[in-house]
């Protein structure tokens, strides 16, 4: 299916002022697809067409990061708040930079520096921010469902930057964007997601995005780190990395989330690394062109050896780089949907 991305920047003058407007459309089989969601809460409910639309839109924003002046006008005059109730470096910085490159004003909010530490509720915080004129709320919260609750309670656009064990949609979008960039399509690819599946919102969003785009996904890890619902998911399950490493086209290594573990899910770190770590030795048995991914932060020497993380098959830094274009696309699309709601 051919997808045609047209990005048109029109510049019109009125007196000494220049007005910029950006229109984006993807023509698909002679029909024009319109993005209609003002919130991005998760990928489970998105269609393959919607996911591809985001990826195609992101492709149009790649070029902005190569300019000497890394700015475009689509969100000029808009206010984006990064509402983060959990620690984050990559996601928060990436969203902030993405919003800034689209010319939005960005407010950085953390739990420690807010009235939440004094007992204010999430909804009261969000409503106060909205009263100040915030247009888009990017939220990370330790409670699953917090972004959905927020989207039903305020008028501003809401983007989920990670909620509990539930989803992390923009991480999955940048993951599939990177795979598509390297291979052309996910259709028919075999992908292994390895590690702490039970506590990983990335694994859940990745699984939905990858399977919707035609990939065969296998979740790999010890039984103690598999989610209770694993058998009901549209994926294969394996308890041995050695069984799958020779057959997959992509391997996505997940961090062990020690901060979320209630007990000891494996005998020792050395034992876990022995059976589920991506080592140089295991890479010798993998396909020569296998893609090695990791959402970060990396526990080097535990889930992946440094020689592999920094090796020729690694696309980890490509993931980080592509995250900017993907998040610019998401910010742009939800803002467009809010400005032009469906009739």
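The backbone N, Cα and C atoms fix where each Cβ goes, glycine too.
Of the residues 37, 44, 127, 140, TrEMBL places 140 in the same carbamoyl phosphate site as 90, 91, 168, 171, 296, 297. The distance from the Cα of residue 90 (carbamoyl phosphate binding site) to the Cα of residue 255 (L-aspartate binding site) comes to 14 Å.
Excluding the listed site residues 90, 91, 140, 168, 171, 296, 297, the same chain places 88, 89, 161, 162, 202, 295 with Cβ atoms within 8 Å of the centre of the carbamoyl phosphate site Cβ atoms.
On the 0 to 100 pLDDT scale, the domain 'Aspartate/ornithine carbamoyltransferase carbamoyl-P binding' (38-181) averages 93 in this prediction. Listed in sequence order, 89, 90, 255 are the same-chain residues six or more apart from residue 297 (carbamoyl phosphate binding site) with CB atoms under 8 A from its CB.
Across the domain 'Aspartate/ornithine carbamoyltransferase Asp/Orn-binding' (187-333), DSSP classifies residues as 59 helix, 24 strand, 64 coil. Counting other Cβ atoms within 10 Å of each Cβ, the lowest count among the binding-site residues 91, 171 belongs to 91.
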